[in-house]
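Novice: Please read through the structure below; I'll follow up with questions.
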Amino acid sequence: MRSTKIVCTVGPRTDSYEMIEKMIDLGVNVFRINTSHGDWNEQEQKILKIKDLREKKKKPVAILIDLAGPKIRTGYLEKEFVELKEGQIFTLTTKEILGNEHIVSVNLSSLPKDVKKGDTILLSDGEIVLEVIETTDTEVKTVVKVGGKITHRRGVNVPTADLSVESITDRDREFIKLGTLHDVEFFALSFVRKPEDVLKAKEEIRKHGKEIPVISKIETKKALERLEEIIKVSDGIMVARGDLGVEIPIEEVPIVQKEIIKLSKYYSKPVIVATQILESMIENPFPTRAEVTDIANAIFDGADALLLTAETAVGKHPLEAIKVLSKVAKEAEKKLEFFRTIEYDTSDISEAISHACWQLSESLNAKLIITPTISGSTAVRVSKYNVSQPIVALTPEEKTYYRLSLVRKVIPVLAEKCSQELEFIEKGLKKVEEMGLAEKGDLVVLTSGVPGKVGTTNTIRVLKVD
């Protein structure tokens, strides 16, 4: 049984009913809807297909809507591409024009005010480096430090400046409306720079009468400066290594990844690692050795889930990529005992109980850890310790059942709601037996809250299945 969860992007290659069904059968836990592409109707159809199939198959499969955010891009060119040469002058303008080798438009009107002489501007995922030498009301004049080819609508990064961009765009608001309409499990927020961005997203969601978890994508230098504050107000974190590797020196990405995961785990927030997980499999049927090693190291770092993007959205081998990721994850998990997280807030009762639950389950060689839960928080806290046993999260809440599909080691089980906790546990144990997860004579460690309120994990019990 694989503990690490797999998140896959649904795109042109995989948005058919048949392909989504095959992906669920291969063990995909969360489907990502990328709102950088496609319209409302197109994305709604994906959601409806996933919901229909997960109900049909009785699988805890979640849906994550990834909000595109305020991505800064260059405009269209007169030709397919232009080549910039080192030392030449190149201008960025806020006017809408067709660009050439001397000038190109950008979609951020405040850019000339936001940057200053000496700032670095990166184009095309950092492949082209510009240095600001002069600004006017509508233009930013630069000198090319590292040249290369640019095509239409390339990404623009300015790691040294605090840009005046809205954290949520009008397009994002439309897709928040779509997600709340269909009660998706998660929203991912792009280009988070400060905790206020996350709080603003949550407020937008509440305008539609819903409370849906927000996963903050850490992909800017500004986010790293306020990382702990962002983690505290987020419901999960995504290490978005693509833009992050442009905003900071690329050699720092591995260390920063470890730091983000470690801090997220301290605060018991699920973590997704994304970008170029199996990049070579977009074209090739087999991964590189480096990709396989990267997957294992992300799991050793403590990642709850790994995200495939173009590999499943447009790649030639989407199903093979899922199979490879699953196989590598299972193999890496055999050695997780050497990479255990033990840091926690010792002043927090729920955290201390969860830590003790891990220790007790190891000492007794228990078959399972069972966490009756309303919100899912107990299961998330226990999972961060890389426990050897599966964590069965018994919940009467359908939304929690689906959301826990993102959390490593957790097996969500939808259990019948009961007025008495003991009755709920007894029925849950019976269901666990029926699923083949435990049998008579097995020891299970159970941790829950009394009197069953959200966020009050304060009890541990050891039960024998009979």
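Just so it is clear, glycine is given a Cβ too, placed from its N, Cα and C backbone atoms.
The structure displayed is predicted, hence computed values, not measured ones.
Quick paste from Swiss-Prot:
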- Arg32, Gly242, Asp243, Thr275: substrate binding site (BINDING)
- Asn34, Thr35, Ser36, His37, Arg73: ATP binding site (BINDING)
- Asn34, Ser36, Asp66: K(+) binding site (BINDING)
- Lys217: site 'Transition state stabilizer' (SITE)
- Glu219, Asp243: Mg(2+) binding site (BINDING)
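Help me see these features in their spatial surroundings.
Specialist: For Asp243 (substrate binding site), applying a Cβ distance below 8 Å and a minimum sequence separation of six or more within one chain yields Asp125, Gly155, Asn157, Phe191, Glu219, Thr220.
For Thr35 (ATP binding site), the same-chain residues lying six or more positions away in sequence with a CB closer than 8 A to its CB are Gln43, Ile65, Asp66, Leu67, Ala68, Arg171, Asp172, Phe175.
In the shown protein chains, 25 other C-beta atoms lie within 10 A of the C-beta of Asp66 (K(+) binding site).
Listed in sequence order, the residues of the same chain lying 6 or more apart from Lys217 (site 'Transition state stabilizer') and placing their CB within less than 8 Å of its CB are Asp66, Gly69, Ala188, Leu189, Ser190, Phe191, Val192, Met238, Ala240, Ala274.
The secondary structure of Glu219 (Mg(2+) binding site), as reduced to three states from DSSP, is coil rather than helix or strand.
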Novice: Compute the mean position of the Cβ atoms of Asn34, Thr35, Ser36, His37, Arg73, which form the recorded ATP site, and then list in sequence order the other residues of that chain whose Cβ is within 8 Å of it.
Specialist: Gly38, Ala68, Lys71
Novice: Looking at Cβ-Cβ distances, which residues of the chain lie under 8 angstroms from Arg73 (ATP binding site) while being 6 or more apart from it?
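Specialist: Residues satisfying the criterion: Val106, Asn107, Arg153, Arg154, Gly155, Val156.
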Novice: Using all protein chains in view, find how many other C-beta atoms are within 10 Å of the C-beta of Ser36 (ATP binding site).
Specialist: 11
Novice: When DSSP states are folded down to helix, strand and coil, where does Thr275 (substrate binding site) land?
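Specialist: Looking at the DSSP assignment, Thr275 (substrate binding site) belongs to neither helix nor strand, so coil.
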Novice: Under DSSP, is Arg32 (substrate binding site) helix, strand or coil?
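Specialist: Where Arg32 (substrate binding site) sits, the three-state DSSP reduction gives strand.
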